[in-house]
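So that you can see what the record holds, here are the features copied from Swiss-Prot:
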BINDING   Ser31, Gly32, Gly33, Gln34, Asp35, Ser36  ATP binding site
Amino acid sequence: MKVTILHQKFIRFVYLLDLELIKRKFVLGLSGGQDSLALLKLLCDYRKTYFGLLKLVYCDHRWRLESIANAQRLYYLSEYSNISFYYFATSTFLSSETQSRTWRYKNLLKISLSFEYSYLLTAHTLSDISETTIYRLVRNLRISEINNLLFTFLYIKKTLSISRPLASVTRNDTYWLCSLSYLPLWSDYTNYWLFLSRNRIRQELFPYLKNYFNCSLERYLDGFIYSNKINLITLNIKLKKILSKIFGYTNDGLYFNVSLFKLLPFFYQHILIRDFHFLFFHNYRSPSQFNRLLFAIALEKSQKVFIRKQYHII
């Protein structure tokens, strides 16, 4: 085994594992592309040292005519590596990426929980995370939802977590490892369907931004998400302390301290009202509706206002 920079990064991921879970069971979602094969190569190189049982799972969306041949190639690869192989094929047509992703994770979680596996490994790279960040930014998602993209471990249950061992490497790195190891890559032409939004970002927008604005765009977005995540954690700690002083319970019900709320900066006011509205009424409102509510609170002369479930924003 030739140790490369990707092997060193992978070892850093192994050190993050719970020591009690090392040598246990792992499920790897496989597609046959360069990212998943690079992850399989790293797992096989350190299998005897760190890992116990491995299972490969291939989910066939049946978008391609040769998808069954792709599955057969992966099956032969699993036989060569002495790893169990599971194949799932959809019985209905999946018309969108969202439906395909939901169906794929449903099967991956099903087999992981059924056999009581410790980790579900996916081959998402830093390039995938960066592309998803841009995709969600242009769709005007909340910054907290973007921060959730950057994770190495996502705990589903006490005994199972989804893990991304390649979250710190780019797609160019995985291609280099596959070329160095002569791995049998399978070209997926659905990645070039430009009517899919994510493919258009990957094939057109992302290369344009890297070529003309920032050649290290993945690293920049990685730092952007990380710094925002730290700032958000700090902000949430402050807001929880403020929230406990502004909202409270009495015999008459839940009350809202108007006089103390008015002393806060407008930015804090907006976040407090938005998050409280979601926790209490389980939905989000538009920014214009929240601005009207904040304006109504500014005109309120009472010291405290009791909140009822029947209240609504016009």
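Just so it is clear, glycine is given a Cβ too, placed from its N, Cα and C backbone atoms.
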Seminar exercise, completed: One finds that other Cβ atoms within 10 Å of the Cβ of Ser36 (ATP binding site) number exactly 23
Problem set entry | Chain-internal residues near Ser31 (ATP binding site), provided their CB is under 8 angstroms and they sit 6+ positions away | Tyr58, Ala123, Asp188
For this session: Could you list the residues of the same chain, at least six apart in sequence, whose Cβ is under 8 A from the Cβ of Gln34 (ATP binding site)?
Result: Arg171, Thr174, Tyr175, Cys178, Leu183, Leu185
Seminar exercise, completed: Row Asp35 (ATP binding site), column other C-beta within 10 angstroms, all chains, value 24
Exercise. Which residues, in sequence order, are found in the same chain with Cβ within 8 Å of the centroid defined by the Cβ atoms of Ser31, Gly32, Gly33, Gln34, Asp35, Ser36 at the ATP site, excluding those residues themselves?
Worked result: Leu30, Leu37, Ala38, Ala123, Leu185, Trp186, Asp188
Exercise. So what sits near Gly32 (ATP binding site) in its own chain, CB-to-CB under 8 Å and at least six residues off in sequence?
Worked result: Tyr58, Asn70, Arg73, Leu74, Leu185, Trp186, Asp188
Exercise. Which of the three DSSP states, helix, strand or coil, fits Asp35 (ATP binding site)?
Worked result: helix
Exercise. What count of other C-beta atoms do you get within 10 angstroms of the C-beta of Gly33 (ATP binding site), across all chains shown?
Worked result: 19
